[in-house]
């Protein structure tokens, strides 16, 4: 709450005192609930010093303090208006009584609003001392108020008057807090410190609650809400895990090749199961692993070659599969584009036809007022269909359904009137041939565009089909080449094996011939006695027998060579 003090007259009337101002303020503004609970203006005013009174807790209320209008400076004899003359008797006996005005307050917290005054009032100590207000800035609490209360109001009035007259700039304002106000007015708080945020006591007369207590409650509620939000924040951060959906595999997609060990496992699993039918999968896998480790590199290479060939075939099939997917996607996108273009053309034609229909009907008006005289059952019996327009826009077709129970004398004039309106509209369409030609041109352009789009789509489809055929041909050629290579490799291996077998046979024959020659040489080197005895005949007789196998062996060699030649010839014919 901002309390404003207005300047008094320059002459400082003697009749103005602190009690009069408080009496006027309590009587006029607060009624029964007085601001300072002052007594009435009579001789019992000083009895208030012996009584205790409570200051109400001022909430957000706003009080209007009327300005104190001073008399003009030209008339010094008039110190105060006539309305304040009866109260001058209260200020006269103050010095004669000798009693001190010591208001007492119960030990309670006060929620008094700050009063805004000029800042230079606090800084200029000389002005305050000259006006009679003695301020001790070192002490913030004063026990008793020992001066004349009239001097306080006079000093305050002089301070505001000095601010208005230009001694102090009015723009510099400061705020006096509660402790400074209590120190200046001499409020004896009984040793209780004034707290700005303490709630009002329950004995306070004001019905409104203290704003400080409500602020504290709101702060507590906000703190509790913040704690609750912090507790619920980690719970809300945890989101349930959504199960990942497995993608459905396309049955047309080629399968990935199997490793060499998997091929070996397939080959050996059946044999192991046959030998050990009660063996588990783990035992079988252990046996297969040991067998795989015991295999040589050549046998492993056989399975590795098979896997490499399967990988090559898989890559080729995968390329073909992806090409087919691309072609399908392109075809679907082309179909979607054609559908969209057709829909757009249809929508544009519908819009143009509806616009032309509306313009023709607005130019020639609606059905004349003669059908309005028909009875209420007429709209139910006659239901005109909407006007249908064709593309050339040369004629407008209308159809009217007439109920069986409708009298003929009512239907005839209605049909005749509608016919006249339709004829008028037809003539109007004939009158504007330029519009028809423009529409016809637009339709022709749209048809041409559609035809071009269709042709482009067909060309794209043909190109895609050709690409697909080319890919298939390439795949077939590659497969045929691969098959031929495998066949050639097999034939080469067979030819090599045959050559090796022939070489082995030739080596065996050569060894056999060498042995025979050695034996023959040994027999010739032995000395034979020249005796015509049966022993010599027996000894000499085996020589031709031993030498006789030579022509047989010579005959056997050409037979073997002829056989090898016959085996090589069919192989050459295959190549």
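Glycine is no exception: its Cβ is also placed from the backbone N, Cα and C atoms.
Database features (Swiss-Prot):
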DNA_BIND  254-322  DNA-binding region
COMPBIAS  195-214  compositional bias 'Low complexity'
COMPBIAS  222-238  compositional bias 'Basic and acidic residues'
COMPBIAS  239-249  compositional bias 'Basic residues'
COMPBIAS  516-526  compositional bias 'Low complexity'
COMPBIAS  527-541  compositional bias 'Polar residues'
COMPBIAS  548-575  compositional bias 'Low complexity'
REGION    189-258  region 'Disordered'
REGION    516-575  region 'Disordered'
Counting by DSSP secondary structure, give me helix, strand and coil numbers for the compositional bias 'Low complexity' (516-526).
10 helix, 0 strand, 1 coil
DSSP says what for the DNA-binding region (254-322): how many helix, strand, coil residues?
56 helix, 0 strand, 13 coil
Looking only at the DNA-binding region (254-322), what is the model's average confidence as pLDDT?
88
